[in-house]
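In what follows, a structure is listed as structure tokens, so that the remarks can point back to it.
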Amino acid sequence: MVDEQSLLAFDTQHIWHPYSSVSSDMPLYAVERADGVMITLKDGRRLIDGMSSWWAALHGYNHPRLNAAAQNQLAKMSHIMFGGFTHDPAVELAQLLVQILPNGLDKIFFADSGSVAVEVAMKMAIQYQHAKGEVQRQKFATIRSGYHGDTWNAMSVCDPTTGMHHLFHHSLPVQYFLPQPNIPFNESWNDCAIEPLADLLKKKGNEIAALILEPVVQGAGGMYFYSPTYLVKAQALCKQYGILLIFDEIATGFGRTGKLFAAEHAGISPDIMCIGKALTGGYLTLSASITTTEIAQTICSGEAKCFMHGPTFMANPLACAIAAESIRLLLESPWQQNIQRIESSLKQQLSPLSEKDYVKEVRALGAIGVVEMKSAVNMKTLVPRFVEQGVWIRPFGKLVYVMPPFVIKDDELQKLTEGMILALTQEYEH
């Protein structure tokens, strides 16, 4: 076992971390293990996890049932190519998904990661329109402050101004961007919010293959919660103009918003849905792009006679076995009560921050709590303050947010929010 200082030194010299400089002086912590909602550092400190490892670890860490699923599958096969083969884990996972997905979504294409699932969905939309003879439909529409991943076409539908990919703006495919829906979740609807989309489709609808949205909750683009009615109105317009509707549920899927899928808040089914992150309970990378039988058959009736995509690790049996067990574990748990409990606690415990002059807004939905600051936080000084308080929270930009594992207990959640408040108080008031 490598000692902490040697590990950190080698890491600093050779390993590149996400969204970081190779010469970064940002704080870096060596993790020894993780159990439940607790992360244990190599120096012995223990942190309550407020991030679910970026939305993924619904059941916490080191869960005995997920460990057993992994061990059982490892004894059979860890991987086999999916071209010309199928296997129990893929079929079992697909059976579970078909039972819980919004109505009509029954053709499942397994992919590697969330970003790749978005790429796959966009390729599906282009191939579908091409197969219908609508070869001029090469563009996509989306709303501002969205985030859909870090691969090429996924970046093209992230906000080009406020997003993380503005450096590539002049190289990426040019898409159509609409204003962020200006009606927050649970506020009364006004049709003015959908008018920009209606205007765009009236003028440019015959150029657009699909509209892609993060339903209800915008994730890394701003952690904004908007009215589900927008989705209902958007779907009607898409149908009117022959445009596919893609829902990116990579962050919101599997209960995070209080519904199994955020689309359920609107009571509708998209034409294509992307899932990932929590699909395997945070154990391995796996995603899926799911569509309808009609769309799949149309794609396969086109020029290529098939869908033109095939990842090496598609439907990896180890990942599929863990994902199937994660879904069973979720459905057998009182997950809805847990989400309601977490949402209620987050609203109550974070509310004092709304009175601070450095805070713009505090909001919570499901197991998501957001403190939006008036200016960007200093990660270099704020993250160590969280660690000193025994909590793991990783803010970005103006957003300090938590999305804890669903299994977090009341006392752990209180320690998480108290640590968050204390760290912010130290950062901004002392």
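Just so you know, glycine gets a Cβ as well, placed from its N, Cα and C.
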Swiss-Prot has GLY114, SER115, PRO311, THR312 down as binding pyridoxal 5'-phosphate; which of ASP43, ASP49, ASP248, ASP357 does it also list for that site?
ASP248
Where the distance is taken from Cα to Cα, which of the binding-site residues GLY114, SER115, ASP248, PRO311, THR312 turns out closest to LYS277 (substrate binding site)?
GLY114
Out of TRP54, TYR147, GLY310, ARG394, which of these binding-site residues is nearest ASP248 (pyridoxal 5'-phosphate binding site) by C-alpha distance?
TYR147
Length of the line joining the Cα atoms of TYR147 (substrate binding site) and SER115 (pyridoxal 5'-phosphate binding site), in Å:
10
Measuring Cα to Cα, how many Å separate THR312 (pyridoxal 5'-phosphate binding site) from TRP54 (substrate binding site)?
24
In whole Å, could you give the widest CA to CA gap in the pyridoxal 5'-phosphate site formed by GLY114, SER115, ASP248, PRO311, THR312?
23
Taking only the Cα atoms, work out how far GLY114 (pyridoxal 5'-phosphate binding site) lies from ARG394 (substrate binding site), in Å, as a whole number.
20
